[in-house]
Amino acid sequence: MTRFVLFISCFFVIGMVVECKDGYLVGNDGCKYNCLTRPGHYCANECSRVKGKDGYCYAWMACYCYSMPDWVKTWSRSTNRCGRGK
């Protein structure tokens with residue numbers, strides 16, 4: 001029983017350490033990656049480039065990625081600086 005509890009505890013600790021995030025990819029200008037005129041596989045390729053698991057073009061406007069590492073910058077409304085200069 002002790003081994004089982006230890007195993008479950010380790011499982012939760014590993015789950016907390018290996019967290020990934022989902023979100024819109026952001027370019028150097030602070031704007032989301034535009035995919036309106038790109039081929040269908042563009043977003044999946046861009047997400048793979050930053051070590052994401054998968055991605056797609058959300059509503060034909062911006063690339064949305066799944067399971068990216070924490071170091072990848074993603075767009076959020078609170079930190080949006082797209083179109084505001086540098």
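Each Cβ is built from the backbone N, Cα and C atoms, and glycine gets one as well.
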Cross-link partner of Cys35 (disulfide, per Swiss-Prot) out of Cys10, Cys20, Cys57: Cys57
Among Cys31, Cys63, Cys65, cysteine joined to Cys47 by disulfide in Swiss-Prot: Cys65
Disulphide bridge to Cys31 as given by Swiss-Prot, partner from Cys63, Cys82: Cys82
Within 10 angstroms of Cys47 (disulfide bond), Cα basis - recorded positions out of Cys31, Cys35, Cys57, Cys82, Arg84: none
Cβ neighbour count (within 10 Å, all chains shown) around Cys65 (disulfide bond): 28
Cβ atoms near Cys82 (disulfide bond) (within 10 Å, other residues, all chains): 11
Inter-residue Cα distance where the pair is Cys57 (disulfide bond) and Cys63 (disulfide bond), in Å: 5
